[in-house]
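I have placed the structure first, in the form of structure tokens, so that the comments after it can refer back to it.
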Amino acid sequence: MSNSAAGRLNQTSHILNESIKNDDISLRRSQPSTTSLQALEHPFKVTVIGSGNWGTTIAKVVAENTALNPHLFVSRVDMWVFEEKIDGKNLTEIINEQHENVKYLPDIKLPENLVANPNLIDSVKGADILIFNIPHQFLPRIVSNLKNHVGPHVRAISCLKGFEVGKKGVQLLSSYVTDELGIQCGALSGANLAPEVAKEHWSETTVAYHIPKDFRGEGKDVDHKLLKALFHRPYFHVNVIEDVAGISIAGALKNVVALGCGFVEGLGWGNNAAAAIQRVGLGEIIKFGQMFFPESRVQTYYQESAGVADLITTCSGGRNVRVAKHMAKTGKSALDAEKELLNGQSAQGIITCKEVHEWLETCEMTHEFPLFEAVYQIVYNNVPMKNLPDMIEELECIAD
């Protein structure tokens, strides 16, 4: 190992140790059970914006909890659906009649209090909590349509994975929602493959929410206790923290790493290569967070479901791995592979690697993130996948 590489390793270890030592982690398992929450004078109305497989799955989780906790929530949960025809019939009609999203989450029975709504503005009418769960490239348009239809009392949770890159630089999607709509927005992310959660196989997730300065008081506003009551299920265990930046960064960048894992898997290089990609990827995720979002906590990447656990799960399967593997085996482009495999849904790593590249190029720092840059070059500039190890090694040497 070179002296510079050893120095970087020691520096990373020092950052991790200091972060864990100095952070107050007493909050980690402090949330009480939902039975300790007092009945609210005005129960919260919840709307889910998005109806893909993850959007529908989260809507199912939330609707189960609103029905079970009428002292906290209005039972009815609206789910905004981008209307489309299935065998000549509106998807919203099918969902509301059959209580099943036959296109994006087939064979999963949905709660009867979950109502599909094709009208975005109507779906958020009277809502106190918005849950955004759409492909992140559509967020600006959705937010633009919601302006003047969402009051300042509303709170939000983003389940989106990605960044907004613009005049303000690289921005968390939760921050984008806050800036554009004037409402406090947290995030949900974790080792959660939608089909497994929908089938009620046990898993964990992380919800991050920072209590705003205009907090109206317990029982009158959204806090950590209420969020746990909204999302926690016997099969879906929730930990609520404040590190919105940390879980958002991990949730976005893991998809880029997963593309790299899909490439080496498709090339038949085996588990050693996949482990190497994940090792480099985790380091770059942490480095990106510390460099551009210093408020993020290093311990989040190691201790939370939204961190290394999500990275492992995503790199073991999921959309991004499938698309990248298909690219490696067929020679097709990322967009063609996505179209063939995903039934109208998105592999978010394809867009995220471009956003990250554009930001790093602006900062003249692409060499600091060799895996992210290599994935971008393979996806957008048709660089041969077999060059991946050399690209990582070459850029690591430049960074030294």
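Cβ coordinates come from backbone N, Cα and C, glycine included.
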Would you identify which residue of Phe138, Phe292, Phe293, Phe372 Swiss-Prot lists as part of the NAD(+) site it also attributes to Gly50, Ser51, Gly52, Asn53, Trp54, Gly55, Lys161, Ala194, Arg319, Gln348? Phe138
Near Arg319 (substrate binding site), how many other Cβ atoms are within 10 Å of its Cβ? 25
Including all protein chains shown, what's the count of other C-beta atoms within 10 A of the C-beta of Asn320 (substrate binding site)? 30
C-alpha spacing of Arg319 (substrate binding site) relative to Phe138 (NAD(+) binding site), in angstrom: 18
For a quick check of understanding: given the listed NAD(+)-binding residues Gly50, Ser51, Gly52, Asn53, Trp54, Gly55, Phe138, Lys161, Ala194, Arg319, Gln348, what is the maximum Cα-Cα distance in angstrom, as an integer? 20
Which whole-number value in Å describes the distance between the Cα atoms of Arg319 (substrate binding site) and Gly52 (NAD(+) binding site)? 13
